[in-house]
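Listed in Swiss-Prot for this protein:
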ACT_SITE  76  active site, proton donor
SITE      103  site 'Lowers pKa of active site Tyr'
BINDING   151  substrate binding site
BINDING   236, 237, 238, 239, 240, 241, 242, 243, 244, 245, 246  NADP(+) binding site
């Protein structure tokens with residue numbers, strides 16, 4: 001009986017200090033999400049090799065460190081990612097402990113049936129959604145998906161068809177929460193307005209590309225997420241592995257390795273070198289050599305409910321990523337990082353400014369007519 005009121009032990013790492021996903025999704029998730037794009041060996045030609053044993057070791061390390069949220073997609077590694085994650089959860093008897101997120105939209109059968117024969121295995125339409133979820137449930141060896149994302153907006157299905165079809169899956173219990181990835185803010189806003197106006201399930205989380213070098217999120221995505229109470233799950237936070245310190249790049253060259261990424265050559269671009277040097281400087285101020293930890297800490301400092309996706313194939317990289325959770329950047333450090341590559345917010349923010357409720361500053365136009373305090 002005394003154990004009933006006994007305080008919980010501290011988590012093994014800060015990864016185990018869970019957070020509520022968003023205002024519209026009360027599920028508790030780890031502050032970093034393990035990305036499943038590298039889990040599998042079908043794409044080894046451009047992502048590096050990872051066999052099943054290595055994948056299970058990485059998944060074990062993530063879970064043992066306190067992580068509970070894993071992100072994948074129907075098409076990753078020609079379906080191996082979902083299959084291996086499903087096998088891992090089943091072999092460890094951990095399905096109920098894991099928050100699994102997957103995606104539909106991508107053509108996940110082209111490799112099997114051939115080009116031109118897989119048209120209805122992709123897209124945002126109801127048929128694509130139906131077969132994708134059917135197959136994802138089988139591959140993941142589960143009865144439900146915690147978070148289902150639209151992988152990207154294909155402009156070929158109406159918002160009404162998409163949101164109605166997704167809501168049916170939620171009603172059936174096959175999906176619990178909805179997310180959207182790589183989609184214009186106006187589409188997400190229209191979709192969430194339609195959903196909430198018609199008693200349907202809205203999107204609770206947005207996933208997209210965001211890092212200190214690519215800050216397009218700040219134009220419309222972050223304000224949209226703030227308005228609808230959505231979480232943000234940025235990918236490419238580490239620049240696709242291209243944010244590397246000078247020391248790390250020299251080590252790679254010594255070992256005969258280049259940068260292995262989706263895009264870009266084996267060498268860093270001039271901008272990547274500059275931002276890597278800036279990240280290295282801030283890392284030294286925090287007593288670490290991990291550039292990636294600073295890159296993760298940066299996006300976490302920019303908005304509420306930010307859950308960065310972390311990838312990679314090595315446990316040592318996972319440990320570096322977890323280190324970010326103990327780092328809090330100062331306003332001066334954030335300002336320094338952002339000064340390396342100036343960001344143009346574009347019109348209309350360049351004219352009217354940002355939301356004064358967030359910035360605590362009046363817009364340039366309003367300040368000419370009124371004096372307003374922001375004490376609340």
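Placement of Cβ uses the backbone N, Cα and C atoms for every residue, glycine included.
Structural mapping of features recorded in Swiss-Prot.
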residue : record                               : CB count, 10 Å
76      : active site, proton donor            : 27
103     : site 'Lowers pKa of active site Tyr' : 27
151     : substrate binding site               : 23
236     : NADP(+) binding site                 : 21
238     : NADP(+) binding site                 : 26
240     : NADP(+) binding site                 : 18
242     : NADP(+) binding site                 : 23
244     : NADP(+) binding site                 : 22
246     : NADP(+) binding site                 : 13
- Query: How big is the Cα-to-Cα gap, in Å, between residue 103 (site 'Lowers pKa of active site Tyr') and residue 238 (NADP(+) binding site)?
  - Reply: 22
- For residue 246 (NADP(+) binding site), the three-state DSSP class is helix
- Query: In Å, rounded, how far does the Cα of residue 76 (active site, proton donor) sit from the Cα of residue 236 (NADP(+) binding site)?
  - Reply: 16
- Three states by DSSP: which one describes residue 240 (NADP(+) binding site)? helix
- Rounded inter-Cα distance in Å - residue 240 (NADP(+) binding site), the residue listed as 'substrate binding site': 18
